[in-house]
Amino acid sequence: MHSMAKLAAAVVVQVAVISPFAAAQLRADYYAGVCPSLEAIVRSSVKQSMVKSPISAPATLRLFFHDCAATGCDASVMIISSTGDDENANDYTLKLEGFQTILDAKAAVDSDPQCRYKVSCADIIALATRESVSQSGGPNYTVELGRYDGRKSMDRSVRLPHPGDNLDNLNAFFSTLGLSQTDMIALSGGHTLGAADCGFFKYRIGGNDQSMNPSFDAQLQGTCAKQNFAFLDDVTPIGFDNFYYRNLQNGRGLLGSDQVLYTDERSRGTVDFYAANQGTFFSDFAVAMTKLGRVRVKTAADGEIRRDCRYPN
Ligand code: HEM
């Protein structure tokens, strides 16, 4: 082959490998023929998980983000490796309730003889996440399906944003996933649910961060003296709404990476807009979740339909 042609071919291969947009095969009705009741089964299973534990919905949403952000939406975050070298090992704060919600939904899907071993764990995570959001009061968006499960999960493949990141770092991280600043701000609204360990924001309290409202600072000092966590949106911690943005306007964002979205003038306008328009936040969140769900998806060529979400087949 001519050297220029070789170079062009190499570039095409490389772009195909690193592209986060390998989403051609995803579609909403992917399982319509093989598992027509899929969405209803996952809906009902997630409903039961949410009744059992208030941590189920936030933990599931965070699980989806971490899975997609680490090595693509391939459920590799759920693999337990006998050597301990897996994405979990890196990400020690991922909560058990998220895993249990997915394992229960997978068991419910596989108990239907039509669906047994036909639906990927990655797709169950995506559907269970939508249910967690919508059953908490958030948008009920359409989920694209057809992801295959990865076979590998490695500690060192995990790159996640840091709670102390500034706007430039957050934008740089999300752009590697093919996501814009607006997508990033909408997705950060996922912090309308759940909690964070004090260790992630303790450096901000005690008057150390001028962007924090002093009464919120005092409140957090009291909270962390009693327990090791605080709610990311302490107005409505189990309701999916736009209070996350309204809190930021009042200096009541918990993580540095939350409050910086308001402190930095380049992102403040979007925060103000979502704080005033919950409907637009919901539709932008749905769009951004759909884009996040396309990151480095696997196909039959490089993935499988895992029987047990915790182990490769
Ligand atoms: C923008 C960059 C982000 C940073 C720096 C960040 C960081 C964190 C940290 C430090 C926690 C606390 C973990 C713990 O204490 O266990 C957390 C919790 C959480 N994150 Fe994020 N996160 C980011 C983006 C996202 C996105 C995009 C989503 C989903 C769309 C998300 C969903 C959640 C949820 C739901 C929780 C609560 C989990 C629970 O209560 O179990 N986060 N995040």
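Note: Cβ is positioned from N, Cα and C throughout, glycine not excepted.
Same-site candidate for Ca(2+) 2 binding, as annotated by TrEMBL with D233, T236, D241, chosen from T192, T263, T270, T280: T192. Of the listed residues C73, C115, C121, C115 is the one TrEMBL pairs with C35, by disulfide bond. Summarising the environment of R62 (site 'Transition state stabilizer'), the number of other Cβ atoms within 10 Å of its Cβ, over all protein chains shown, is 22.
Measuring Cα to Cα from G72 (Ca(2+) 1 binding site), the recorded positions that fall within 10 Å are H66, out of H66, C121, C198, T236, C309. A Cβ distance below 6 Å to any atom of ligand 1 is met by none of the recorded positions C115, C121, T192, D233. If you measure from the Cα atom of C198 (disulfide bond) to that of R62 (site 'Transition state stabilizer'), you get 17 Å. Cα separation, H191 (heme b binding site) to D233 (Ca(2+) 2 binding site), rounded: 7 Å. Listed disulfide-bonded residues: C35, C224, C309. The one with the lowest count of other Cβ atoms within 10 Å of its Cβ is C224. Of all the recorded positions in the list R62, C224, T236, D241, the shortest Cα-Cα distance to C309 (disulfide bond) is found for R62.
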